[in-house]
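Step one of this worksheet: look at the structure below.
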Amino acid sequence: MSLTRLLIRDFRNIETADLALSPGFNFLVGANGSGKTSMLEAIYTLGHGRAFRSLQIGRVIRHEQEAFVLHGRLQGEERETAIGLTKDKQGDSKVRIDGTDGHKVAELAHLMPMQLITPEGFTLLNGGPKYRRAFLDWGCFHNESGFFTAWSNLKRLLKQRNAALRQVTRYEQLRPWDKELILLAEQISTWRAEYSAGIAADMADTCKQFLPEFSLTFSFQRGWEKETEYAEVLERNFERDRQLTYTAHGPHKADLRIRADGAPVEDTLSRGQLKLLMCALRLAQGEFLTRESGRRCLYLIDDFASELDDERRGLLASRLKATQSQVFVSAISAEHVIDMSDENSKMFTVEKGKITD
């Protein structure tokens with residue numbers, strides 16, 4: 001699936017843009033603040049219902065406007081799909097697919113699997129566990145049809161349980177929540193464990209190509225003791241959870257621990273090496289999706305030249321081309337991306353929110 005057409009209206013500093021896109025590489029070139037990251041963010045938002053630079057909707061809608069509008073056309077092997085997203089200052093969204101309203105943002109995410117690589121993406125490696133849980137959950141979402149419903153129900157139950165912890169005095173009062181919570185926790189943890197085991201070889205092989213000087217290991221931690229049933233953990237920790245007023249153990253505390261030569265990667269790797277590792281993990285995840293489902297990711301890469309020397313940029317470019325996926329790359333200068341260009345590429349110039357090809 002590739003995005004063949006993109007319409008942007010009143011998003012960030014882009015008043016309007018109507019763009020025909022390449023199914024291969026699309027380069028966005030312009031000075032800092034020109035709007036090239038805004039175009040990447042518009043594509044991301046069309047597939048996620050939210051921006052990646054700000055959760056405040058007022059900052060995403062163009063100044064003095066009431067809403068942004070995004071439309072796209074997706075070309076698959078057998079059919080074309082029209083998609084649209086409108087969001088106003090109150091945060092109300094309207095999702096349209098093939099001319100009909102009432103759809104969910106999750107449907108857009110399923111139609112447009114994408115990988116985002118930005119200068120801020122180091123949080124996957126040196127941020128908290130929630131960023132690595134999101135990495136695993138992206139894979140589970142695209143690999144298991146029941147994952148999103150189970151994950152949504154888990155969040156709801158945890159919120160209810162945490163509220164109940166402020167009121168109950170005996171563990172028996174929590175059993176109605178815990179009965180369903182335990183089933184969901186075990187199912188989600190099983191999916192995460194299976195996904196992390198399945199993608200492990202892809203991550204190891206890709207990381208070895210990008211960082212051959214390190215021995216990298218990946219370890220999934222489910223969020224409670226390995227040999228203990230979750231039901232036992234919840235009951236045993238009731239008094240502590242009640243004092244904390246939240247549930248201290250469970251799938252919401254899971255992590256994917258990544259080590260280089262036995263030490264945490266954030267303590268071992270330089271910024272450039274961390275970016276290479278981040279790129280390797282995103283590539284491995286996209287390639288695993290293609291192999292398992294036949295579907296290809298869309299890659300968004302902001303500030304391509306940042307932290308990478310010529311050799312590493314060349315390696316990343318060659319691996320991206322090998323995926324045969326659609327790729328959007330922003331850069332300050334065309335010189336940084338010209339070697340990646342071919343007869344199927346498109347080069348867009350971005351200046352003060354105006355996008356031309």
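Cβ atoms are placed via backbone N, Cα and C, with glycine included.
The following features are taken from Swiss-Prot:
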- GLY30, ALA31, ASN32, GLY33, SER34, GLY35, LYS36, THR37: ATP binding site (BINDING)
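Using the Cβ center of GLY30, ALA31, ASN32, GLY33, SER34, GLY35, LYS36, THR37 for ATP, the list of other same-chain residues with Cβ within 8 Å runs, in sequence order, SER38, SER330, ILE332, VAL350, GLU351. Taking the Cβ of SER34 (ATP binding site) as reference, residues of its chain lying under 8 Å away and at least six apart in sequence are, in sequence order, VAL350, GLU351, LYS352, GLY353. The most densely surrounded of the binding-site residues GLY30, GLY33, GLY35, judged by C-beta neighbours within 10 angstroms, is GLY35.
For ASN32 (ATP binding site), applying a Cβ distance below 8 Å and a minimum sequence separation of six or more within one chain yields ILE332. Each of the binding-site residues ALA31, LYS36, THR37 was scored by how many other Cβ atoms lie within 10 Å of its Cβ, and the smallest score goes to ALA31. The DSSP secondary structure for ALA31 (ATP binding site) is coil.
For the recorded site, THR37 (ATP binding site), the DSSP three-state label reads helix.
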